[in-house]
Amino acid sequence: MSDEPEEMLSWDETVFRDEHVFEIDYLPDAFHHRTSQLESLKYALRPAVRGSRPLNTMIQGPPGTGKTTAVQKLFGELGGETDVQTVRVNCQVDSTRYAVFSRLFEGIFDYEPPSSGISFKKLFGQLTERLVDDEDVLVVALDDVNYLFYENEASDTLGSLLRAHETHSGVKIGVIIVSSDLSLDVIDEIDTRVQSVFRPEEIYFPRYAVDEIRSILRERADRGFHEGVLDDAELERVAELTADSGDLRVGIDLLRRAGLHAEMRASRTISDEDIEAAYEKSKHVHLSRSLRGISDSERALLEVVIDHDGQQAGEIYEAFEEETDLGYTRYTELVNKLDQLGVIAARYADVEGRGRSRELSLEYEPEAIRDRLD
Ligand SMILES: Nc1ncnc2c1ncn2[C@@H]1O[C@H](COP(=O)(O)OP(=O)(O)OP(=O)(O)O)[C@@H](O)[C@H]1O
Ligand SMILES: [Mg+2]
């Protein structure tokens with residue numbers, strides 16, 4: 001059937017009604033299956049509307065389970081309130097205390113702090129002064145806060161935010177932290193001096209079940225594709241593949257790529273073949289995200305591990321040192337960071353005659369990593 005002329009797309013036709021709905025930063029109108037989480041978050045934020053400090057909150061859950069979307073939805077609603085300011089900081093991008101506060105400054109003043117270098121103290125002072133003068137409550141979401149932990153900046157950042165009212169009288173700040181690294185015990189990892197002022201409400205975002213994934217993706221596909229492009233059997237396949245990873249982003253990316261693949265064949269409809277081909281790329285959305293914004297040293301280490309997959313940390317260091325001249329301490333930090341990102345695994349193994357040593361291996365196919373490093 002697909003060879004019939006009426007099944008073929010002409011050069012100026014497309015399967016997409018609105019391709020934008022499959023983009024990474026698209027905020028969906030419909031946000032189902034997260035009612036209880038949204039209620040809990042609303043409960044924590046409600047005091048802000050009355051001019052009081054909101055409850056601090058910790059949101060946790062695996063990747064692609066709607067955490068960021070939930071924060072964006074509620075911040076959107078709070079945006080209508082006159083005396084509440086909301087700022088979401090992406091800690092993968094802004095991963096130091098200074099960077100976080102620069103972003104907060106920008107959120108509040110609507111312009112960036114002077115790039116000529118203003119001290120943290122000044123930055124902090126100007127920010128809090130403005131909040132107090134305007135009698136505004138500030139709600140800060142530290143999204144992907146796990147990156148602050150990887151850089152050892154979490155305690156200082158949280159400490160400054162949570163103790164702001166002690167150093168700057170009258171200031172009202174509430175903090176939402178969002179983490180998708182379930183192996184990270186956030187409370188345990190922060191300094192005791194900060195722990196004592198951080199008793200957050202906890203909200204958990206579990207993985208979506210396959211029927212939830214199916215209905216979310218159907219809704220997205222109906223908006224994004226023309227009628228008849230994606231039938232139920234194909235949707236089912238996409239939902240299964242998405243459920244395997246648990247990350248809804250895989251499904252959304254898969255829909256877009258399958259659509260593009262169908263167009264490449266000049267087909268009006270998405271077939272299994274389009275989905276399987278697209279999945280080869282879409283299954284790595286998480287890897288792409290982890291590798292986005294890695295530093296030059298992290299990249300250098302990763303390239304060395306690709307060539308020495310499965311070898312001992314000590315042996316790999318020799319190759320790494322040759323490439324970079326970096327010391328062993330720095331090397332260990334970089335190994336830990338790539339391990340936390342889930343790109344490599346550093347596992348202790350018994351080595352004959354040398355006791356216990358770490359073995360470094362790739363968590364993805366080397367080609368998949370290499371493709372995303374370029
Ligand atoms: N209930 C839902 N309804 C519609 N779309 C959703 C829903 N939950 C998540 N999404 C979509 O799935 C994608 C991933 O969601 P989101 O970015 O909120 O996940 P996350 O939990 O913040 O993931 P990560 O921990 O990796 O940052 C987004 O494109 C979002 O629009
Ligand atoms: Mg997120």
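Yeah, the Cβs are placed from backbone N, Cα and C, and that goes for glycine too.
Summarising the annotation, TrEMBL assigns ATP binding site to Thr65, Gly66, Lys67, Thr68, Thr69, Tyr208, Arg220. Cβ neighbour count for Thr69 (ATP binding site) (all protein chains, 10 Å cutoff from its Cβ): 17. In the three-state DSSP reading, Thr69 (ATP binding site) counts as helix.
Residues or ranges marked as domain 'AAA+ ATPase' by TrEMBL: 53-202. Applying DSSP to the domain 'AAA+ ATPase' (53-202) sorts its residues as follows: 66 helix, 28 strand, 56 coil.
Summed and averaged per residue, pLDDT over the domain 'Cdc6 C-terminal' (301-373) gives 92. The domain 'Cdc6 C-terminal' annotation in TrEMBL covers 301-373.
Considering only the binding-site residues Thr65, Thr68, the Cβ with the fewest other Cβ atoms within 10 Å is that of Thr68. Candidate binding-site residues: Thr68, Thr69, Tyr208. Those with a Cβ under 6 Å from ligand 1, in sequence order, are Thr68, Thr69. Among the binding-site residues Thr65, Gly66, Thr68, Thr69, Tyr208, residues whose Cβ is positioned under 6 Å from ligand 2 are identified as Thr68. Taking each Cβ in turn and tallying the other Cβ atoms within 10 Å, the top scorer among the binding-site residues Lys67, Arg220 is Lys67. For Gly66 (ATP binding site), the same-chain residues 6+ apart in sequence whose C-beta sits under 8 angstroms from its C-beta are Phe31, His33, Arg34, Gln37, Phe205, Tyr208, Leu248.
All protein chains considered, the CB of Tyr208 (ATP binding site) has 26 other CB atoms within 10 Å.
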